[in-house]
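Scroll down for the structure; my scribbles are underneath it.
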Amino acid sequence: MIGIIGGSGIYNIEGLKDIHWKTISSPFGTPSDALLYGKLNGEELVFLPRHGRDHKLSPGEINYRANIDVLKRAGVTDILSVSAVGSLKENLSPGTFVIVDQYIDRTVSRERSFFGKGCVAHVSMAHPTCRRLSRLIHQAAAHAGIGTVLGGTYLAMEGPQFSTLAESEMYRSWNCDVIGMTNIPEAKLAREAEMCYASIAMVTDYDCWHPEHDQVTVQQIIRILTENALKAQKLVKEVIPQIHNDLSGQSCSCRFALENAIITAPDNRDPDKIRELDAVAGRILKKG
Ligand SMILES: CSC[C@H]1O[C@H](OP(=O)(O)O)[C@H](O)[C@@H]1O
Ligand SMILES: Nc1ncnc2[nH]cnc12
């Protein structure tokens, strides 16, 4: 099952048929919204608006753990994240789609793990997005005549305020490509939940560092997103069947991320914590 997390400006999936909203509860609290189930060209998917349907949650208020947990409970194996980002590179102009492959985490006040307090785990984040899914998106986009940049480092900032000029310059000196506020902890939690996660970052602005461009504003972001909405929807439509048909997903390493990650011995694990982890870590915990 494919799950799409829609960011700013993406509050539905066009052409989705047989739709219904379903509220799924999570031991990790309240997710951003109910899940929208539907079929796109006959293939079932679920959609979750990251900030809620009415965009009422700021990046730091989103319950990322609950979001990933309910997607896992819905049977989602592959997550496509769609996000608005600022550009930190001259050549990544507004309108460019970047398929993110690295993150630098500068967020400060978010729950970033399902584990701890009774069951400790350490997963690898060396390659934080799914390379298989990312390649499928890149190929499907090319097939649809949509140019995408395969690979790019996303600087995850806390927000909700945009960066200062000094911060923006510092992130540029770190060779980051794009900047946003939401992909972390989402990508970390998807990895802990053994789900494939890929991120389509749509460049909407040059943040505040570019001498020939005004500082970023929400109005500017929405204008660029509206201009690119069709392209994003087309890309999603193109890639869904490719993901469905890719049988190699079943053996993708993302799906086994917890294989050697839990350090707390079975006898020492807190039963309440284990119950909380029933969906995200069910596969591995059943093994004992
Ligand atoms: C409305 S602009 C800032 C906002 O947009 C991005 O969110 P998302 O990744 O959900 O598209 C950015 O990270 C900020 O949260
Ligand atoms: N410049 C920017 N900084 C952080 N998040 C963003 N989302 C879109 N543009 C952004």
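In case you wondered, yes, glycine gets a Cβ from its N, Cα and C as well.
Just so you know, TrEMBL annotations are computer predictions that nobody has curated.
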Of the candidates T164, T182, T217, T226, which one does TrEMBL list alongside S8, R50, H51, S83, A84 as binding phosphate?
T182
Near D205 (substrate binding site), which recorded positions out of S83, A84, S163 have their CA within 10 Å?
A84
So for R50 (phosphate binding site), how many other CB atoms are inside 10 Å of its CB?
26
Could you tell me the C-alpha distance between H51 (phosphate binding site) and M181 (substrate binding site) in angstrom, no decimals?
12
Residue pair V218 (site 'Important for substrate specificity'), S163 (site 'Important for substrate specificity') - Cα distance, angstrom, rounded:
13
Per DSSP, R50 (phosphate binding site) is which: helix, strand or coil?
coil
Return the count of C-beta atoms lying within 10 angstroms of the C-beta of A84 (phosphate binding site), excluding that atom itself.
23
